[in-house]
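Enquirer: The domain 'EF-hand' annotation in TrEMBL covers 70-105, 137-172, 173-208. What TrEMBL lists as repeat 'Solcar' is 243-329, 337-422, 434-522.
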Amino acid sequence: MMQQQRSFVSPLLSGVFCQCTPEDISSGSDPGGGVDSASVTPPKFWDCPTGARTCELSRPCGSAHCSEADQEHRLKVLFQILDVNKDGGICVNDLTIGLKKLGVHRTENELMKVVKAGDKDLDGQLDFEEFVHYLRDHEKKLRLVFKSLDRKNDGCIDSQEIMQSLRDLGVSISEQQAQKILNSMDKNGTMTIDWTEWRDYHLMHPADNIPEIILYWKHSTIFDVGESMLVPDEFTAEERKTGVWWRHLVAGGGAGAVSRTCTAPLDRLKVLMQVHASRSNSMSMAGGFANMIKEGGMRSLWRGNGMNVIKIAPESAIKFMAYEQIKWLIGSDQEALGILERLVAGSLAGAIAQSSIYPMEVLKTRLALRRTGQYGGIVDCARHILRKEGMAAFYKGYVPNMLGIIPYAGIDLAVYETLKNAWLQRYATDSADPGVFVLLACGTTSSTCGQLASYPLALVRTRMQAQATQEGGPQMTMSGLFRHIVQTEGPTGLYRGLAPNFMKVIPAVSISYVVYEHLKTSLGVQSR
């Protein structure tokens, strides 16, 4: 069983600060004669017979108080050691020099992320309060991940537990590879990793450099809800090398096709309400469904869905490839990007994918709005648009569509990270894995907030795509449409069709998840 450590700071640094308070030492509990606290100005070093260069206050005293060391005092001493220029703050340069003295080596990029993660007042350095807060928060995350990996609950992680945990994340490694991972952290030769060794190894690493935390908490946007502005999913180098990534994409594409087909009637109703509903032509959901069935029968509820399904494959493939290239271009050397990097890379990848398949978006809208017998199919619709309106018609609404990606992706990611961290702080006690329900709840809520923010732009895009279908209607620009809608229908006019749009989110996510899991199993991919 793992030996419980009272000390907060890693034992890797236990030699550089006192194992008991000056009061304990001066009280006579040190059989070696003690050290007068008044004469000590930490950090002052002495040479231990073992060869360790140790703080004077940490001479072995044998005191019973050593295991009850004053956490605040020891952190202050550690802070003094790392505050190389003695200005009351720890910057990247201080960390580089101070950690090297302690035998801990981190890259400049890693240390910059440490400072950035803990720097609450944005002054470029960590004061003592920020330093303590960062370390405590960091250890909590480390402990959660350790407990998640410790499947036998025996206080140690062995190679089999490492293999199983990574397998659950869709990454297959050999026992030799697992042993290599384990050996990098195993300091006592037991061929297992206890909590102390785990904490030692990850000391002063930024939290987002720990692959396990990223993989447990990754915002998987593979669950398709019929929107095209999602930030792509991320895959590890091992997943890309072994081909697991394409199985995930195939499973996600299949899940998207099924979920979109199941919720297509709501999607078509949303398009009709966006284009035709107004103050003078109030269209309720029940009335909209009744009109669709009356005009074209039950099959008319799925008009436009064929194109909606066809565009999933090219859009997903282009978005994924663009995302990987953008990650490489921005110079990320980590498996997973930070929030801001994901926002930039995801938004650009979405813009590239949307630009490539945007004519399909226009076709989907026109097919959803068509009357019975108006077009003979997708090809006939495309030919009709090209002949009557020219190539430019296939990019109507392009600008508001591109603008909508930014608020959607930004708010989606921000809300997801906020909800995730709130859950972690309040409820995570035994595991860093939040479970399916929490992940789906966070993802559904964040996606809904993103759609709410970008919905006016989506409505204007749809109306611009549909302009030629309205006989004698004016051909307005984006800004002109915004003004016209607000003047004639009020601000609420920008949210026509919002009800069916939101009604489809929960069933779409649920159906997508169930189908996704079944397809992954069929394709031989382990659940994350």
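For all residues, glycine too, the Cβ spot is worked out from N, Cα and C.
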Enquirer: Could you tell me the mean pLDDT the prediction assigns to the domain 'EF-hand' (173-208)?
Expert: 76
Enquirer: Provide the three-state DSSP residue tally for the domain 'EF-hand' (137-172): helix first, then strand, then coil.
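Expert: Reading the DSSP string over the domain 'EF-hand' (137-172) gives 23 helix, 2 strand, 11 coil.
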Enquirer: Tally of helix, strand and coil residues over the repeat 'Solcar' (434-522) according to DSSP?
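Expert: Taking the repeat 'Solcar' (434-522) as a whole: 75 helix, 0 strand, 14 coil.
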Enquirer: Counting by DSSP secondary structure, give me helix, strand and coil numbers for the repeat 'Solcar' (337-422).
Expert: 73 helix, 0 strand, 13 coil
Enquirer: Run through the domain 'EF-hand' (173-208) and tell me, per DSSP, how many residues are helix, strand and coil.
Expert: 20 helix, 2 strand, 14 coil
